[in-house]
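Straight from Swiss-Prot, the features:
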type     : residues         : note
BINDING  : C118, C120, C128 : Zn(2+) binding site
ACT_SITE : K193             : active site, schiff-base intermediate with substrate
BINDING  : R203, R215       : 5-aminolevulinate 1 binding site
BINDING  : E231             : Mg(2+) binding site
ACT_SITE : K246             : active site, schiff-base intermediate with substrate
BINDING  : S272, Y311       : 5-aminolevulinate 2 binding site
Amino acid sequence: MFKRLRRLRSSENLRAMLRETRLNIDDFIAPLFVIESDSCIKNEISSMPGVYQMSMEPLLKECEELVGLGVKAVLLFGIPKHKDATGSHALNKDHIVAKAAKEIKKRFKDLIVIADLCFCEYTDHGHCGILENASVSNDKTLEILNLQGLILAESGVDILAPSNMMDGNVLSLRKTLDNAGYTHTPIMSYSTKFASSYYGPFRDVANSAPSFGDRKSYQMDYANQKEALLESLEDEKQGADILMVKPALAYLDIVKEIRDHTLLPLALYNVSGEYAMLKLAQKHNLINYESVLLETMTCFKRAGADMIISYHAKEVANLLQRN
């Protein structure tokens, strides 16, 4: 006797009723890039078609469209006019992301604004903090990250997302926020972030490529599974409210491993290189793009992700509304 498993696949309605993993637009976070400019700017990135550097008005228009589609959250990255060795623009109370957060919350009070907390977009060397002897100083970087986090919390950001991969960054930030009265501001930590070649196109849009070396001394080795789990569990211990794995496609084993060891919400970042690959395949008619897109996003959830940060968020929202 054998089990006839095909019985439960015999019709579309039966398959739909028994589907274990379902996509919902509430799962998605849309990353947005705001550029400091006195002009109206909306620059499409050649390596990421459909992704733009936007000044304030186009950014607000994009938020309006996302809200109309049911997207509940955006993740902001800033592109300043001025960069220097210490990323001092990020410590200005009127810096580009702080201003954008204020404007978004004025117009769309229910839209969740998440701010990336790092210095690579603000430093002239493209590394994620203060340099000492051509290396990023962990503890000095924590000091300025805390200041940046406080400015963003004061500007009305709903969630802070430290992406710097400095040791102790979650505990240090949590203490700073709590001492300033921001006890209800959650931290979504980039808890397991790999030193990955999949980030290539992001550095085009954020103008954040390192001017020398790489980030392997602070971002994780992609060969390591146990260390990946340790990083996220350590951030949970330090007080992270949400954990994250970045990148996504080649790291679903890591997502599953962390999911099995934590009860915290788990985000996954579907990064620029992954986005660009699907877009290139679409351009050359190599795949059924919409089917592959929905399959990919469903597999992210099946692996254990509760939230999906993706440049495809708007496309997925449109597809889910149609279907």
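Glycine residues also receive a Cβ, built from the backbone N, Cα and C atoms like all the rest.
DSSP assigns S272 (5-aminolevulinate 2 binding site) to a helical segment in the three-state reduction. A Cα-Cα distance of 15 Å separates C120 (Zn(2+) binding site) from K193 (active site, schiff-base intermediate with substrate). The residue listed as 'Mg(2+) binding site' falls within a helical segment according to DSSP.
Long-range C-beta contacts of K246 (active site, schiff-base intermediate with substrate), restricted to its own chain and to partners at least six residues apart, with a cutoff below 8 Å, comprise S163, Y190, T192, K193, F194, S196, L268, Y269, V271.
Fewest other C-beta atoms within 10 Å: among the binding-site residues C118, C120, that description fits C120. For the pair C118 (Zn(2+) binding site) and Y311 (5-aminolevulinate 2 binding site), the Cα-Cα distance reads 19 Å.
Spatially close to the residue listed as 'Mg(2+) binding site' yet at least six residues away along the chain are S191, T192, M220, judged by Cβ distances under 8 angstroms.
DSSP gives Y311 (5-aminolevulinate 2 binding site) a coil state; it is part of no helix or strand.
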